There are 2 protein chains.
Amino acid sequence: MTEGEFIAALRALAGNPAARALADDAAVLEVGGETLVLTHDVLVEGVHVLPGSDPADIAWKLVAVNLSDLAAKGAEPLGILLGHMLGDGDARFIEGLREVLAAYDVPLLGGDTVKGLGPRSWGVTAIGRAMHVPVPSRGGAEAGDGVFVTGVLGAAMLGHAALTGGAEADTAAYLRPAPLLAEGRALAPHVTAMMDVSDGLLLDCWRLAGASGVTLALDGAAIPVADERRRGECLRWGDDYQLLFTAPADTALPVAASRIGTVVPLDGGHLRLDGRGLSLDDGLGYTHG
Amino acid sequence: MTEGEFIAALRALAGNPAARALADDAAVLEVGGETLVLTHDVLVEGVHVLPGSDPADIAWKLVAVNLSDLAAKGAEPLGILLGHMLGDGDARFIEGLREVLAAYDVPLLGGDTVKGLGPRSWGVTAIGRAMHVPVPSRGGAEAGDGVFVTGVLGAAMLGHAALTGGAEADTAAYLRPAPLLAEGRALAPHVTAMMDVSDGLLLDCWRLAGASGVTLALDGAAIPVADERRRGECLRWGDDYQLLFTAPADTALPVAASRIGTVVPLDGGHLRLDGRGLSLDDGLGYTHG
């Protein structure tokens, strides 16, 4: 059974709109008068985490990627649960956990600790309260909307290169990504669709367009990148955790963002870059592992 | 850093009553007018799961142990999130997941799938809504209360023996434990403290007594066991997921349960069995791994 088949089977099992949340998005749950947002991400040593990583950075990233999922829903974090596999450097792990929870004022609610037998893995569940309803999803982009992204793409890529190849660059963008919680909450009332850029801008544009049943026509030169010489890679590298969203083109945005394209009616594929159609076969980003 | 030190550090980090939820209990979260219960458990291949296990049974148990934590809080499940490491037998995993979710009418809300590099691990987060407030905890037992347990202890032990040693016994009690959701909800308004028996009756009694600041005086002969010849082991084996609770001795209980002892004021240690004091050094049950 391939990963794609497994996820398709999970979606069939969920059998409802929340199925979209599987493996790529946060779940939205109505409870009484509240709208909750739930997300769960797992990091595996050697797959998502560089060998020799400081466990404090692992803890930071593990929490930050989940908070980024809440940010894209305009949700306020209520807390996290941690699934922790014990091992070397656990005191550093605690230190990083303390730092990220303090930085974003998020309570540690509970979790589980286990002994492992091989490469370690860690999971975090984050729960948040939606501050704007309807909760932004990937599925609301409409023809005529502008396509926007916060910040700069590729900073995490350069940080990764500095860690692995000795290049000069700020490693914090890769090691300690900043979930854009305040920005997501400010944007939520204004967007028609929103998600965080975790797996590469082009791939995430393709996913947003697919969920919305539209095509995103991007203007490559308008996309801010961290390294002009590696522009193509910057558009395909993940881990930046910027917010990608669509909104009516004349919206007065409450957050600084770059307009990088326009939503057009579905036109063959889901993505065009400078007029040229792109598909998944073109290597749009990082495919989940 | 030992596991105990790690958990102590997490508790210090949480810095509030919810810290009790770490590694051994469900978290309770007030959101608006709702009281939510959240629990997260991880199973590791080779640690918590027998080699050669049917992945359908793994999926069942993974969900069931989390639902059992909700049961002990008298909570109604709202859904689960799954952290899944891909591997052999994933189609069987899906089948077991389908069965357990259907059996307890629990939606799959979301989650994450990852590629692994060694022994697999799986995590589930369950979220529920408390049906009775205050939510039962381990910390409310009072001197004079009766101590009660549902069902029979040791059935899972016999099932495990049948799987590993070829003994004749029903394996379902070990492979497919039944979370006592309806029982927990019925009991919640009547109990002073409640928890599920996951790590051995004596150990869990010791924990409940510790959280309540009392001593539990147990009458060994009153504890129903699945195998009289292995009574001592039955009291120390986990995985039965029965409900252990305390309630005023004259309470008319809505659920069948055995009275197995009495809560007395703290008297040296937290546990007495037939008049003899027992401590953690006596091997009361399964210590978390």
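The backbone N, Cα and C atoms fix where each Cβ goes, glycine too.
Unlike curated entries, TrEMBL annotations are predicted automatically.
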Kindly point out which candidate in B:Asp69, B:Asp145, B:Asp239 is recorded by TrEMBL as part of the Mg(2+) 3 site with B:Asp25, B:Asp196.
B:Asp69
Quick check: of B:His48, B:His84, which does TrEMBL put in the same substrate site as B:Asp239, B:Tyr286?
B:His48
Binding-site residues B:Asp25, B:Asp199, B:Asp239: which sit with Cβ under 8 Å of a chain A Cβ?
B:Asp25
Using a Cβ-Cβ cut-off under 8 angstroms and a sequence gap of six or more, which residues of the chain neighbour B:Ser198 (ATP binding site)?
B:Val65, B:Ser68, B:Asp204, B:Gly238, B:Asp239, B:Tyr241
Pop the Cα-Cα gap between B:Asp69 (Mg(2+) 4 binding site) and B:Asp41 (Mg(2+) 1 binding site) into the table, whole Å please.
10
Report the nearest neighbour of B:Asp25 (Mg(2+) 4 binding site) in space among the binding-site residues B:His48, B:Gly111, B:Asp196, B:Asp199, B:Tyr286, comparing Cα positions.
B:Asp196
As a test of reading the model: what is the averaged pLDDT for the domain 'PurM-like N-terminal' (B:24-129)?
92
Could you say whether, by DSSP, B:Asp69 (Mg(2+) 4 binding site) belongs to a helix, a strand or a coil region?
helix
Kindly report the helix/strand/coil residue split of the domain 'PurM-like C-terminal' (B:142-249) according to DSSP, in that order.
44 helix, 22 strand, 42 coil
